[in-house]
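If you check TrEMBL, you get these features:
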TRANSMEM  6-26  transmembrane segment
TRANSMEM  47-67  transmembrane segment
TRANSMEM  73-91  transmembrane segment
TRANSMEM  103-122  transmembrane segment
TRANSMEM  204-226  transmembrane segment
Amino acid sequence: MKQRTVLSSTLFIAFLSMGIYAHFYYLPFYFQAVKGTSAMASGIRTVPYIVSITVAAVIVGVSLTFIGYYTPFTWFGASAFTVGAGLMYTLQVETTSSRWIGYQVLTGFGAGIALEIPFIAVQRVVAKKDMPVGNAMVGFFNSLGSGISISVAENIFSNTLVKGLEQDVHGINPEVVVAAGATGVRDVTPPQLLPAVLHAYNNAITTAFIFSIASGGFAVLCSMFIEWKSVKGTKPEQAEST
């Protein structure tokens with residue numbers, strides 16, 4: 001049973017991190033390329049996501065002192081994240097600020113609710129002497145998920161962008177657009193082709209966000225196998241000594 005929770009928790013945080021970091025990496029691309037903001041302004045526009053994660057984590061920390069049971073937070077958090085990731089997929093060139101802010105708040109809140117639970121779950125089921133190893137495993141899979149995410153999402157984005165430009169935009173070299181980056185796409189694109197190029201760019205970004213939806217879904221599945229325990233219960237080492 002202990003191994004089940006450790007395995008489920010490490011896989012859970014790996015998948016959740018995959019989804020989160022795909023957003024972290026490509027949301028600024030959306031704001032810079034599609035919305036035409038500067039790099040600094042795009043960072044400011046992702047603040048709702050980051051703040052929501054922080055606020056949700058604080059709420060969960062306080063709630064656990066009263067509720068005790070942490071498993072439901074993984075269910076709700078991963079589910080909310082997946083729904084939010086689905087909404088992120090609907091981003092378009094003309095999407096209003098109220099929508100992209102709301103999408104970020106929902107997605108970030110879901111991520112913040114669930115992100116710290118794997119550390120708690122592993123600490124709850126392993127003996128005190130094994131806690132450093134357990135925490136290290138969760139931290140490793142967290143980092144592994146983020147690394148895999150950026151690699152996979154970048155591959156999806158690049159392939160989709162090049163394919164979209166080749167099929168739908170004539171009169172511009174796709175390699176020039178890709179090389180220009182998110183902040184330079186408007187500088188290398190003729191005005192008459194800009195709407196089509198921005199549409200291709202937007203489609204490439206949202207296609208990369210499908211990876212976040214899938215990752216969130218797998219995180220929900222993994223959460224079903226985390227044992228139902230309370231932080232108020234007896235520690236494993238205490239139970240063994242009685």
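From the backbone N, Cα and C atoms, a Cβ is placed for every residue, glycine too.
Taking every listed stretch (6-26, 103-122, 204-226) in turn, the largest tally of C-beta pairs under 8 A with the transmembrane segment (47-67) is reached by 103-122. Nonlocal intrachain contacts for the transmembrane segment (103-122), taken as residues 6+ away from its ends with a CB within less than 8 angstroms of a stretch CB, comprise 5-6, 8-10, 12-13, 16, 19-20, 23, 27, 46, 48-57, 59-61, 64, 70-71, 73-74, 76-85, 87-88, 90-91, 131, 134-135, 137-138, 142, 219, 223, 226-227, 229, 231. Within the chain, the transmembrane segment (73-91) has long-range Cβ neighbours (under 8 A, six or more residues past its boundaries) at 12, 16, 19-20, 23, 27, 30, 34, 56, 60, 63-64, 99-100, 102-104, 106-115, 117-118, 121, 202, 205-206, 209-210, 212-213, 215-217, 219-220, 223-224, 226.
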